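The transmembrane segment annotation in TrEMBL covers 28-45, 95-126, 132-158, 179-200, 206-228, 235-261, 273-294.
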Amino acid sequence: MADGFVLGPIVSAAVVQDPSLGWRWTEYLTGIVQIIFLTLAVIFVDESYPPKLLIYKARRLRHETGNWALHAKFEEWDVSITELARKFLVRPVQLLMTPICFLVALYASFCYGILYMQLGAIPIIFREIRGWGILVSSLPFICILLGAILGCGANVYNQLLYNKAYHAAGNRAVPEKRLPPMMVGSVIFSGGQFLIGWTAQKDIHWVVPCIGLVLLGTGFFTIFQAALNYLVDTFTMYAASAVAANTFLRSCFAAAFPLVVGPLYHNIGVGPGSSITGGFAALLIPVPFVFYIYGKRIRARSKWSKASVYD
């Protein structure tokens, strides 16, 4: 996720500044890469959905044995439009109405939106304010990737701790043990935004806002990954619907935030603008702490998540 977000603007900047290519080649390159990966997927990626594999097996056995009565249970499933709508449209909305799914998805989506907000913020800070060139002003995106790598390390370490808790609980999920990276990352994420905003001035060394971008990347990755894991462990058999609700919400934030950053920074300044987003991030800091302490009780009260409460 982070590498594509980081490399895209850098490659695009290199393409755009080449007079022989121009901005259209940013779209051409994207299409070419997609075609390559689609071709590789069609050739090398096999079907892995168990019910579908059973359909293939039943079909093969029918031809081998001549017994045309052989079939997979999945072939008997008569799907109606109403059932599809209830499962794929209504259920994610129902889950989004629960406290855990709403707040965790809101937090993850806000962080996702802030990440995409940097697509407009970094050019303003490093190109407009500091006067860097098109390509050079896109290089600070690498700082977000460095932060994401640090966040990945934190998540891996927490996974080792989670495995111990998982085995201690009789090989059952312990959702709240997913939250420590999110708890630490919440503070880092908010602090990174304040640091970026108030050190954007030209008279402050460029490395300082870059440190803020590293903090932002670290906070984002720890929060976002922990949020997804927590939703999956909490809603068990409804995990796909919970993730779908989160995906819908984060897509809305990712679409809206890049449109806001230009008017926000140009009208009130980078510092005050970053203080607004950093302030909202600070208001969301208690979310993982509350669920770490009271999450089990909250899960037990909901029909969607009580299956994840074992005692």
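Cβ coordinates come from backbone N, Cα and C, glycine included.
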Practice item. Go through the chain and flag residues at least 6 beyond the ends of the transmembrane segment (95-126) whose CB is under 8 A from any CB in it; none is fine as an answer. Key: 5, 9, 132, 136-138, 140-141, 144, 186, 189, 193, 196, 200, 206, 209, 213, 216, 219-220, 223-224, 227-228, 230-231, 234-235, 238, 241-242, 245-246, 249-250, 252-254, 256-258, 260-262, 265-266, 270, 277, 280-281, 284, 287-288, 291, 295, 298-299, 302, 304-305
Review point. For the transmembrane segment (273-294), which stretch among 28-45, 132-158, 179-200, 235-261 has the most Cβ pairs under 8 A?
Key: 179-200
